[in-house]
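Positions annotated as substrate binding site by TrEMBL: R125, 148-151, 214-216, Q220, 267-270, R450, 461-462. Per TrEMBL, Mg(2+) binding site is recorded for E144, N146, E368. Taken from TrEMBL, the feature ATP binding site applies to E144, K305, 364-373, Y375, 398-401, E425, K452, D458. According to TrEMBL, the feature domain 'Glutathione synthase substrate-binding' maps to 204-302.
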Amino acid sequence: MAAPWEDVLRGPAALREAAAAAVDAALLAGVLLRTQGEPNASEVVNYAPFTLLPSAVPSALFEQAYAVQQDFNLLVDAISQNKEFLECTLASTVKVDDFTARLFRIHKQVLEEGLAQSVFLGINRSDYMFDSGVDGTPALKQIEINTIAASFGGLTSRTAAVHGHVLKVLGKSKEASHLLPNNPSKGLALGIAKAWELYGSQSAVVMFLVEEVQRNIFDQRCVEYELWNRNIRVIRRRFRDVFEKGSVDDAKRLYVDGQEVAVVYYREGYVPQSYDQQNWEARLLLERSRAVKCPDIATQLAGTKKVQQELSRPGILEKLLPGHAEAVARIRATFAGLYSLDMGEEGDKIAAMAIADPDRFVLKPQREGGGNNLYGEELKQVLEKIKDSPERTSYILMDKIKPQPAVNYLLRAHSPLQASKCISELGIFGVYVRHGKEMVMNKAAGHLLRTKAIEHADGGVAAGVAVLDTPYLV
């Protein structure tokens, strides 16, 4: 998949000039991160890493990814409402994975007490790679679906303009005009605004629940300012603020710092490191309230790797989405091979298969965010160590997707400019709002393309491995 830029970067002088123009364009457009040295201060910022040139993406696969997003929204929502499915699917995982177990305990407790929440907001991002099959024909294969704190909807809303400018500088104005407009931050804000409106209190606020370290604040601000532009008040608080200043009244209304909260938008809470005992108590308080949680805890559990693996079993999608045969077919077409490592004969065979041929697979733990997956020799060593232990059930095994690399330049602050062989991952943002049993919004809200050098097997932009990119459809 060659994009039509090979002719324009013949000499180092042209390359340096294009890179300098690109960096200034990114700073001007607000494609920004705080620095590692001062992650909570905006006095000194730098550009978020990005590719010099847009990457080629097959238009048929791009359209396929958009076309299936509403189906995935329906599926995630259906899973979140299916207590038996979640309980059964996560039974082996909760025995060996304390983090998933604690989330599940809160889920059960809230259901037993009776759900106070009647409006449900889902913001997810389904991530894909382009697998070059045996005959070299690329196919869209899902890596995972993120149901909590799916990031970079804000910064990617501003990246296409940067790449458009770079192409013009390189004399490619016609190609620049073909870059697609993309504004996930507006789409995500529309969902939050709809949930806020259905909550039904003009004076209530939207609370962004944020991490202690906030390098990626500008990505969140893009969504936040869309809400302010609709005259919806936004506050930013951490778990510890909720613990110290949060309360729920008799009507299950949530108050933080004396302000009623209509929507809690999580940009935190997806890894075990997010929680100490106080933070778990804060999470329970939030879940017990009638505030719209994005996501509520059932939807977070719906995004676990174990659920993803269970969905690939024959007949499961049909049970979860009865009467939606076409949606089921569209979803199933995106699945890569997924295998269970549950205890028993089948799991034993699969573990042995992976140990014998580790380069065919990826071993994935129950974790969000890049940098956790195991490949090759490391996969083999870990599986050999845990192959006879129930610990193996906290992982799933997946076929390794083999995309076709392409050359690009990855622009990072303080890094030399050099050509890299790269692969890309396409994410589609989905937003849905359900009021009681009625789905009142279900849409694809934009896309995110991230690109990394082929020597980095795992990791996203926040992990410092991938960089922001823009698709050029071919």
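Placement of Cβ uses the backbone N, Cα and C atoms for every residue, glycine included.
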*Between S151 (substrate binding site) and K400 (ATP binding site), what C-alpha distance do you get in Å?*
24
*Whole-number Å distance between the CA of P365 (ATP binding site) and the CA of Y270 (substrate binding site)?*
13
*Which whole-number value in Å describes the distance between the Cα atoms of R125 (substrate binding site) and N146 (Mg(2+) binding site)?*
5
*Could you check the binding-site residues Y270, Y375 and say which one's CB has the fewest neighbouring CB atoms inside 10 Å?*
Y375
*Around the Cβ of S151 (substrate binding site), the count of other Cβ atoms that are within 10 Å*: 19
*How far is it from E144 (Mg(2+) binding site) to E268 (substrate binding site), counting Cα to Cα, in Å?*
18
